[in-house]
Structures are given as structure tokens and as C-alpha cells.
Amino acid sequence: MNVKKIYMDADALLEGHFKLSSGNHSQFYLQSAKVLEDPKTAKLLADALALQIKESALEIDTVCAPALGGLIAGFALASALDVRSIFAERVDGVMNLRRGFEIKKGERVLMCEDIITTGGSAMEAAEVVKSLGGEIVGVAALANRGFCKRQNSDVTTKPNCKLPQDIPFFALDDFTFEMYAPEECPMCKSGSEAIKPGSRGN
């Protein structure tokens, strides 16, 4: 499956000057919402990701996604795995489980994002799940920005990856674009202003 082509065909691989949810700047941005607005494409990607997970024999009770970016990917993946789908959301800047969602003690939870950069949002949501007695058994995403090592990839883990190294990380492909701290960004130095296309207000 050519994930990059799917993103390009959906006009979801954007070029410009972007501020990512991690706070870093990049010349490229993956707008997964443009890919996932087509239910057939969402199902195609989720089915491929679910196949990887099933082949690993990982046992999962629930998929949990951090809102807003991971919502559709999480639901589509849960459907493909035939398990429960829940999401965590920010309230006053802090991740919470709301809307009647509950976690049973020992419940095996797979965290899901559309894109994993450092994995910070997924791990914030994972801490909520763990605080309620859930067990984080893995992480999944449609695409990996190349900071964390996924299953079946030769990309190595970078120091700023926030995903635990003792659980599997599944993704369909690696997108290893250059990223810069704001003070080191060459586009900022040339006078360009970064725009924020994602879903976190920072």
C-alpha cells in the first residue's frame, strides 16, 4: 500500500511553513482529516493497520484515541479489530476521559493516533487510561513522522520519542520530514511566519 500516494491524492500532504502540535516547525504537514473524510479510504487504511496488529497476536480489548486528531483513525481501527472505541479529550489543557467512558481494571488498551510525531498526545491519554486501571498494550497510527521506531521499519528511535520502548508501535509508513525548533527554523529566519493547521492550540 502506497500511503504517501493516498495522502498526496487527497491533497493531504501539505507544503509550506507549519507549526506542529509538538511545537516544532516543518516545511511539510500531513492533514489526515483530508484522507479520513472518505469512509472508503479510512476503512482501507484501518484494515491494513489492523492486519499488522492481528499478525502480531496482540490481545486488545479497547482502542483509545486522543481527540481531536486521532478520533476517526481510532474509531476506524476499532471497527477493523472488532473492539470497543473510546477517546480522551482535553479539558482546560488536561487530558480526561468523559462522556461516560470507563476503563475496567486490567483492560487491554491500544492507543491510536492519525500521526505519531513524538507520541506526546498519545502518552498523555495513555496516562489517563493507566490511572483508571487500564493496561497499555501498544500504540498504532496511520503514519509515523520518524521519531519513534515502529514494527517492520529500519527507522531508529530518536531521543525525543515519548513512546515506551517495551510495547509495540504499529504504523503503515514513515514520513521522515525535517523538523526544527522554532529558534532554529530556517523559514522563520527568512521572515516566514508558521501557521498552525492541526487541532492543538499551541
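Each residue, glycine too, has its Cβ placed from N, Cα and C.
These features come from Swiss-Prot:
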type    : residues                                                               : note
BINDING : GLU113, ASP114, ILE115, ILE116, THR117, THR118, GLY119, GLY120, SER121 : 5-phospho-alpha-D-ribose 1-diphosphate binding site
BINDING : THR117, ARG145                                                         : orotate binding site
If one looks at the chain holding ILE115 (5-phospho-alpha-D-ribose 1-diphosphate binding site), which residues at least 6 apart in sequence have a CB under 8 angstroms from its CB?
LEU30, SER32, GLY69, ALA141, LEU142, ALA143, ASN144, ARG145, PHE175
Run through the Cβ atoms and count how many others sit within 10 Å of the one on THR117 (5-phospho-alpha-D-ribose 1-diphosphate binding site).
27
If the 5-phospho-alpha-D-ribose 1-diphosphate site is taken as the center of the Cβ atoms of GLU113, ASP114, ILE115, ILE116, THR117, THR118, GLY119, GLY120, SER121, which further residues of that chain fall within 8 Å of it by their Cβ?
SER21, SER22, ALA122, ALA141, ARG145
Within 10 A of the CB of GLY119 (5-phospho-alpha-D-ribose 1-diphosphate binding site), the number of other CB atoms across every chain shown is 24
Simplified to three states, DSSP reports GLU113 (5-phospho-alpha-D-ribose 1-diphosphate binding site) as strand
Let's check the environment of ARG145 (orotate binding site): how many other CB atoms sit within 10 Å of its CB?
26
